[in-house]
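Visitor: Below are the structure tokens for one structure; questions will follow.
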Amino acid sequence: TPASWGARPLTWCLVLLKSLAPPSSTFEFATLVSRRPRPPGSPPLACICKQTPGLGLCWFEILLLDWLWRTNGRVTAVSPGLEQCLARSRKIVDRIDNDGDGFVTTEELKTWIKRVQKRYIYDNVAKVWKDYDRDKDDKISWEEYKQATYGYYLGNPAEFQDSSDHHTFKKMLPRDERRFKAADRDGDQTATREEFTAFLHPEEFEHMKEIVVLETLEDIDKNGDGFVDQDEYIADMFSHEENGPEPDWVLSEREQFTEFRDLNKDGKLDKDEIRHWILPQDYDHAQAEARHLVYESDKNKDEKLTKEEILENWNMFVGSQATNYGEDLTKNHDEL
């Protein structure tokens, strides 16, 4: 009951149920819950998770709350911040609707997702900037970054000599230096905010894409021949069990490798083929996500969304870049 939330007995009940439930029954429960309609006007379950201090709800606990919500029709006292969460949800939808006509189109959603992506990147740089700009000159030199990241390792090499960290640091230090130099466009060994952003998020900058390709090759190419063969490609996403069969999705990935990744059909991927795989020029991630969200939420199939259609399917939006994976539900209106 709502009054019981103060003493949190339901929380312990949820934890107990989670610990007792086997994976199969969890899956069956998730399937059952996903098919049941939520009462009209119900707030997003993600809001409950985000705005309930101290609960630390995992996905299974959210499903249990969802079940309570759908069967009882109300869980009104979960958190004092629930109404605030709902208000932020509505404001986000209003911001996405750029022309204010009451509908969200795929193009408006794509523009918003790109904006959220860009804001996340620059917010991330702002959060870590002070950790590296030690002399507070609004620039970060390679020496500043190196000392902040590897200073203890460089000053105490004996401590790492026999550990796996030694090999990690030995590999990552020259790799970071190479990436820093690529981001440092004027070659002065110092990064401006824009250059440091390119260093931390190279996939977002055209002049850094060769570094992204090279680092991907180095990560996956275990035999060091300068190519990625099919087994290396699979090993990057699946670890073989001894004498165990490969699951269907792995067999599907092998077909993907043969039919679509290996363009020249020589059994391995070179740098150009890796670039085509991880940085396809004809694929817009924001466009694809916007289309998916509209398709899944557009109940009347008019190729645009009302606020009601979006809020009815808000859990999907919380799991997307449109809300920065739910983080924007904790921000004030002027931060969006």
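Including glycine, each Cβ sits where the backbone N, Cα and C put it.
OK, TrEMBL features for this one:
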type: SIGNAL; residues: 1-26; note: signal peptide
type: DOMAIN; residues: 84-119; note: domain 'EF-hand'
type: DOMAIN; residues: 120-155; note: domain 'EF-hand'
type: DOMAIN; residues: 171-206; note: domain 'EF-hand'
type: DOMAIN; residues: 208-243; note: domain 'EF-hand'
Visitor: Quick one: average pLDDT across the domain 'EF-hand' (171-206), no decimals.
Guide: 95
Visitor: Do you know the DSSP helix, strand and coil residue counts for the domain 'EF-hand' (120-155)?
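Guide: Summed by class, the stretch gives 27 helix, 2 strand, 7 coil.
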